[in-house]
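These notes concern the structure reproduced below.
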2 protein chains.
Amino acid sequence: MTAVEGVQRTLEVALGERSYPILIGTGLVGRPDLLTPYLAGQQVMVVTNETIAPLYLARLCDGLPDDLEVRTVVLPDGEQYKTIEQVERIWNALLEAGFNRRCTLIALGGGVIGDMVGYAAAAYQRGVAFIQVPTTLLSQVDSSVGGKTGVNHPLGKNMIGAFWQPKAVLVDIGTLTTLPARELSAGLAEVIKYGFIRDETFLAWLEANMAALRRVEPEVIAEAIARSCLIKADIVAEDETEQGVRALLNLGHTFGHAIEAHQGYGNWLHGEAVGAGMAMAATLSQALGWISTEDCERSLALIESADLPVHAPAGMSSDDFLARMRLDKKNIDTRLRLVLLEALGSACVSDAVPPDQLTSLLDRYPRR
Amino acid sequence: MTAVEGVQRTLEVALGERSYPILIGTGLVGRPDLLTPYLAGQQVMVVTNETIAPLYLARLCDGLPDDLEVRTVVLPDGEQYKTIEQVERIWNALLEAGFNRRCTLIALGGGVIGDMVGYAAAAYQRGVAFIQVPTTLLSQVDSSVGGKTGVNHPLGKNMIGAFWQPKAVLVDIGTLTTLPARELSAGLAEVIKYGFIRDETFLAWLEANMAALRRVEPEVIAEAIARSCLIKADIVAEDETEQGVRALLNLGHTFGHAIEAHQGYGNWLHGEAVGAGMAMAATLSQALGWISTEDCERSLALIESADLPVHAPAGMSSDDFLARMRLDKKNIDTRLRLVLLEALGSACVSDAVPPDQLTSLLDRYPRR
């Protein structure tokens with residue numbers, strides 16, 4: 001607990017000169033004392049989407065000091081708009097406003113907004129400051145930490161981007177009260193992921209608290225966000241540019257990205273695809289004899305308890321999966337690399353899964 | 001001198017774990033022994049333009065080991081094609097070929113190709129390896145060192161990009177024999193710039209050797225390239241991301257970028273605009289009383305001896321200049337910052353030029 005009113009947790013992501021704080025609490029949007037210490041200069045561009053703008057944009061802007069030059073950009077909402085064209089709209093707005101290298105971008109929205117604004121900041125004049133104000137559970141536990149920014153390409157997710165760290169992240173739990181239940185579940189997929197890859201105690205805590213999480217009880221949600229961010233921050237601090245251990249954060253994502261790309265971005269939510277992808281990774285881990293049948297069933301039950309899918313999409317063939325998975329960024333040369341479970345609470349990266357075993361799993365995995 | 005055949009000079013750009021060598025010599029394109037140590041994996045994408053492709057693309061590709069997967073992209077030639085759309089063509093080709101994070105991009109061409117390929121590499125899968133094979137004098141002395149990559153925007157030059165270092169730079173002086181005289185002069189503008197900002201001895205050497213340089217005498221050209229790269233490498237090593245001293249490399253560029261943008265990219269060559277811009281900077285330095293009339297005249301004479309313009313474009317008003325200069329990346333908040341001469345061989349950055357004195361210089365500066 002810190003002494004700052006309304007702030008329930010403060011974490012530090014330790015990355016040397018690129019370190020930054022994550023403030024977690026209620027009523028943080030619109031608090032000028034929390035935002036202004038992290039502005040690089042007098043020019044501020046707030047970028048949000050059409051869903052979030054009517055809810056929080058005015059509140060955020062009203063909380064900025066009067067002597068700043070504040071502009072806003074409102075983009076369409078949805079993963080299908082996570083494109084270089086939308087990022088160009090941000091660049092155009094910056095250039096039309098004559099914003100220089102000491103401007104600051106503020107990303108107000110979910111992961112799509114955070115990734116695009118972060119990338120816009122990384123590339124504008126070869127790099128300017130940005131601040132994340134994530135308004136979905138998924139972005140609060142995932143894109144707040146790690147500095148991964150970017151956009152999708154018709155041939156693959158997040159194929160264009162940069163590693164670019166924010167100056168600060170403001171997590172206002174109050175924004176979750178306006179989040180649809182389906183999006184809350186999608187965020188819980190990433191929360192569950194942190195338990196799977198590093199922390200069996202946290203997994204047990206999630207089993208015990210899933211109902212409270214789905215009711216968005218503030219203390220329980222704050223705890224889940226803080227623990228998730230801490231696990232991710234630890235991993236990112238070890239491996240900022242994803243050369244090694246950071247790949248573990250991709251549990252469920254190799255299958256999940258294939259599902260999203262095949263279904264067309266925005267039809268399955270990212271978290272839903274990750275939920276199904278984690279179920280597939282657990283099932284493959286069990287088929288390889290790495291985890292027990294009981295642990296596999298416990299994993300699928302936890303994913304389902306968050307109201308997430310554990311099946312693959314109807315009509316998506318094994319070849320559809322493999323074609324997309326070959327484009328995965330973790331692959332080295334032409335070898336597929338997968339994140340799997342050695343145990344509940346312990347993930348590993350493997351490039352040694354026999355291709356026929358993978359194909360056989362994909363062939364017989366339940367569709368719906 | 002190193003012991004490697006054909007390599008006349010080897011420099012090291014010292015940037016910690018991002019350090020890389022610059023090899024300068026004759027007949028280096030097509031030498032597999034020089035290129036292969038710097039490839040990240042088995043996938044190689046060579047990007048060049050329509051002018052260079054018939055001259056050197058086959059030679060470069062033939063020199064790559066047979067067991068690599070080599071693809072090529074040929075883009076249109078010219079500064080007007082230094083756009084995000086052309087970079088997207090590179091990304092599309094990489095994705096269509098299924099290239100992963102361990103691929104290597106090779107930039108074969110001038111500064112436009114180098115900047116675009118570097119940026120394509122910086123953003124592809126959040127960063128892959130690239131190698132520069134610059135084929136113009138300008139790119140050999142300028143874009144080989146420093147890691148600045150990017151593209152133009154209709155509202156400003158190099159507004160979108162990244163700092164991204166190559167794994168190696170191969171400077172083949174033989175490529176200058178096919179370079180048009182006008183492009184050679186444009187390259188000499190940057191060579192002269194290094195003398196102006198840091199090295200009066202080099203300035204005097206350039207005055208003595210200008211005729212030999214314009215005849216592309218190999219030993220003289222190799223010396224000029226090596227000394228230019230050394231000065232730039234020193235400055236970049238001090239200030240990789242342009243927070244301070246690196247701004248000196250922008251001598252002539254604030255005026256020059258305004259000229260290029262106003263005239264439409266590609267009409268004035270970058271080096272021609274920089275030549276005129278340095279003449280304007282020298283003239284302003286003299287008007288401020290920082291350098292003598294004789295030194296100013298000596299500066300203009302050296303620029304002219306390289307067959308470069310020392311006048312501003314006909315029909316470009318002072319307001320045209322100022323509107324473009326306000327977008328310059330060196331500016332802090334709304335203050336214009338200019339690189340000027342304290343003496344020949346010593347440049348400085350100033351934000352203290354009285355606006356009316358700048359306007360008055362611009363009003364009365366010769367046009368043609």
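Note: Cβ is positioned from N, Cα and C throughout, glycine not excepted.
Feature annotation from TrEMBL assigns domain '3-dehydroquinate synthase N-terminal' to B:73-185.
Around B:Thr178 (NAD(+) binding site), the C-beta neighbours below 8 angstroms that are at least 6 residues distant in the chain are B:Leu55. TrEMBL lists B:77-82, B:111-115, B:135-136, B:Lys148, B:Lys157, B:175-178 with the feature NAD(+) binding site.
For B:187-331, the entry in TrEMBL reads domain '3-dehydroquinate synthase C-terminal'.
Secondary structure at B:His270 (Zn(2+) binding site), as computed by DSSP, is helix. Its Cβ taken as reference, B:His270 (Zn(2+) binding site) is surrounded by 28 other Cβ atoms within 10 Å in the chains shown. The feature Zn(2+) binding site is assigned by TrEMBL to B:Glu190, B:His253, B:His270.
Same-chain residues that are not part of B:Glu190, B:His253, B:His270 yet have a Cβ within 8 Å of the Cβ center of the Zn(2+) site turn out to be B:Leu138, B:Asp142, B:Ala189, B:Lys193, B:Gly252, B:Gly256, B:Gly271, B:Ala273, B:Val274, B:Gly277. Secondary structure at B:Thr136 (NAD(+) binding site), as computed by DSSP, is coil.
With the fewest other C-beta atoms within 10 Å around its C-beta, B:Gln80 stands out among the binding-site residues B:Gln80, B:Thr136, B:Thr175.
In the three-state DSSP reading, B:Asp77 (NAD(+) binding site) counts as coil. Counting only same-chain residues at least 6 apart in sequence, those with a Cβ under 8 Å from the Cβ of B:Gly114 (NAD(+) binding site) are B:Ala107, B:Gln132, B:Pro134, B:Ser139, B:Ser143, B:Ser144, B:Thr149. Put plainly, the binding-site residues B:Asp77, B:Glu190 were compared by Cβ crowding within 10 Å, and the winner is B:Glu190.
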